[in-house]
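Worksheet: one structure, shown below.
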Amino acid sequence: MHFRFSSLNTLRHETSRYRRSFFFIMQLFRPYCSATTNLISHFARTGQISQAHKVFDQIPQWQQTTASWNALISGYFQTRQPHLALQLFDQMPQRNTVSFNTLISGFIKNRMIVEARRVFDTMPERNVVSWTSIVRGYVQMGMLDEAESLFWQMPDKNVVSWTVMLGGLLQSRRFEDARHVFDMMPFKDVVAYTIMVGGYCEEGRLDEARALFDEMPKRNVVTWTSMVAGYARNGRVDVARKLFEVMPEKNEVTWTAMLMGYTRSGRMREACEIFKAMPGKPIIACNEMILGFGLDGELDKARCVFEQMRERDEGSWSAMIKVYERKGCELEALGLFARMQREGVALNFPSLISVLSVCASLASLDHGRQVHAQLVRSKFDQDLYVASVLITMYIKCGDLVKGKQIFDRFPLKDVVMWNSMITGYSQHGLAEEALDVFRDMCSLGVPPDDVTFVGVLTACSYSGKVEQGTEIFESMEYKYQVKPEIEHYACMVDLLGRAGKLNEAMNLIEKMPMEPDAIVWGSLLGACRTHMKLDLAEVAVEKLAQLEPKNAGPYVLLSHMYATKGRWRDVEVVRGKIKARSVIKLPGCSWIEVEKKVHMFTGGDSKGHPEQPVIMKMLEKLGGLLREAGYCPDGSFVLHDVDEEEKTHSLGYHSEKLAVAYGLLKVPNGMPIRVIKNLRVCGDCHSAIKLIAKVTGREIILRDANRFHHFKDGYCSCKDYW
């Protein structure tokens, strides 16, 4: 009995000693376990999940702590492998509340809210982090009712829980509910105040934001910046500046917010002052200055900022390209796009769309195809908006077949895509095709909009379908619920005027429910020139002089009309008005793309072109061929007080003829020659190019300011109705 008692004491003593030894050994290993867990977390955070798992596998099984399991599971969630994370969770020998919270937050990061809720509901024990995580998940998914329901069920709430719910309500624009939650908060930290101030500012409720801002016991730089940005964004730039000046400290975001306030209100002088004073020049601030200068017309200054940037992001390139595109500097935009590719800059969506618009403006088909290929590689071409831009680009480049192929590829089309096709057909003078697309659109239940009717009425105008066009115009409001706007009246004036119904066109102008603009009067004037209606032309020119006092076009056209009638005294009076008003005559210019390079020609000659001698030889050759074909220059399209030889010389060097001559030299046989002109093609050039197409056996596509002309075998697609 004594022996057994002694043995029991010995056993107890030994057990106690082993426990102390094990505890001592574990104390020695604890730093090692902590270090390996930290290493796993580091590799997981940096996306090296295989390395993280390798470190985990090297830990002896008895040393694999719950913390190390949690770190590895978190890593798989961070690398977007939630199913592998779940498999690991299922293999864990022991789990704690942190393990379950890791699973919930991981599912939420991967937008798997249903799975996160399932874990939450099956947790053996929840803490405030568990509740806050699931509420945050519902907020992030926009499921505010579920978030709110759980929030009010929470047994304990901390300041983070309150702030998460507050942010969700503000995000959903439920400002009154947000204010109620804010007022209920037992403790309001600087984050809660800042979220409320920012939310009010975002909504433009600046007085409420300022009241909260002023009552704050403590503010940080984020709070100050929110208030400054709120004022700046809502047009109260001077108030923003006063607050900006008294800020105890400023960061890059503050400076940039103040800068954007000035650039977006067009106050570039103050924006320059802020930009110069900024301690650093962050990329976002430089991009803002590029856009500000560019939209203000200061393209050289915008380019200067761009070139001086030490680093550029995608936004810098797209901003500069966008500025060039918006201000009509298409060649510069294409040049920058080419440089962007040479420097290996990733092509982003905004720059690709801007370049597509440039390609459409210049009819640069080769560049357009290249951009299309980039969009396909980036899988942007599946987007309806992108498809519409592509259709427009191909159509404006004269490739209707490719535009139609893209159109047909989409079973579900939005109104923009339908409009692109209708407008394209109308610009090419294919009225029946445009009207067929319009009818298909309506039969499929896609409601037409104001742009649709501009395209349809233009198609009727370009093809002389007066009755059909009038019927569509009159049915717009009662049948399609689209109220006719000024652009639709302009289309009708053009439709009636082209058909010679000038008095009816004038009557329509007089009955318009709005004041006619320059486009309306310009349409009437063009019709008067075609039908030599001088009395109405004089009225139109007077109206245009009031609306566009610096535009010489109407005066020049009226001068030609007087000259045709031999009214030389009136010609002198008009020329006197041109000189007295210092009006600007827009020079005619044409361009053609050859081997991805755009060649531009202005009326007069081709001296500025490096291949001028061969162009002149081609023009001489064409002159001989045209004379043999019976061509006689139409002197009514040049000044009438010069001799016939000078008239012929002037007509022979119109910009579109120069561009066509260059196309004949450079564009391979079998390929159409595509020429763009910034003004309406003159009658003499129209006649001449019809014959050039016949005697050379080439197809010539000319896009002028109004429409397309497809010349082939001595005929034009417009059927001389233009």
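Keep in mind that glycine also has a Cβ here, set from the backbone N, Cα and C atoms.
Where the annotation comes from TrEMBL, it is an automatic prediction and has not been curated.
What you are looking at is a predicted structure, and each value in this text was computed from that prediction instead of being measured.
What TrEMBL says about this protein:
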DOMAIN    630-722  domain 'DYW'
REPEAT    65-99  repeat 'PPR'
REPEAT    127-161  repeat 'PPR'
REPEAT    189-223  repeat 'PPR'
REPEAT    251-285  repeat 'PPR'
REPEAT    313-347  repeat 'PPR'
REPEAT    414-448  repeat 'PPR'
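Through the fold, the repeat 'PPR' (251-285) approaches residues 221, 224-225, 228-229, 231-233, 235, 237, 240-241, 244, 291-293, 296, 298, 309, 311-313, 315-316 of its own chain, all at least 6 residues removed from its boundaries and within a Cβ separation under 8 Å. Through the fold, the repeat 'PPR' (189-223) approaches residues 159, 162-163, 166-167, 170, 173, 175, 178-179, 182, 229-231, 233-234, 236, 247, 249-251, 254 of its own chain, all at least 6 residues removed from its boundaries and within a Cβ separation under 8 Å.
Break the repeat 'PPR' (251-285) down by DSSP state and the numbers are 25 helix, 0 strand, 10 coil. Packing against the repeat 'PPR' (127-161) from elsewhere in the chain are residues 97, 100-101, 104-105, 107-108, 111, 113, 116-117, 120, 167-169, 171-172, 174, 185, 187-189, 191-192: each is 6 or more residues past its ends and has a CB under 8 Å from a CB in it. When DSSP labels each residue, the repeat 'PPR' (313-347) comes out as 26 helix, 0 strand, 9 coil, counted as helix, strand and coil in that order.
Mean predicted confidence for the repeat 'PPR' (189-223): the pLDDT average there is 88. For the repeat 'PPR' (414-448), the DSSP counts in helix, strand and coil order read 26 helix, 0 strand, 9 coil.
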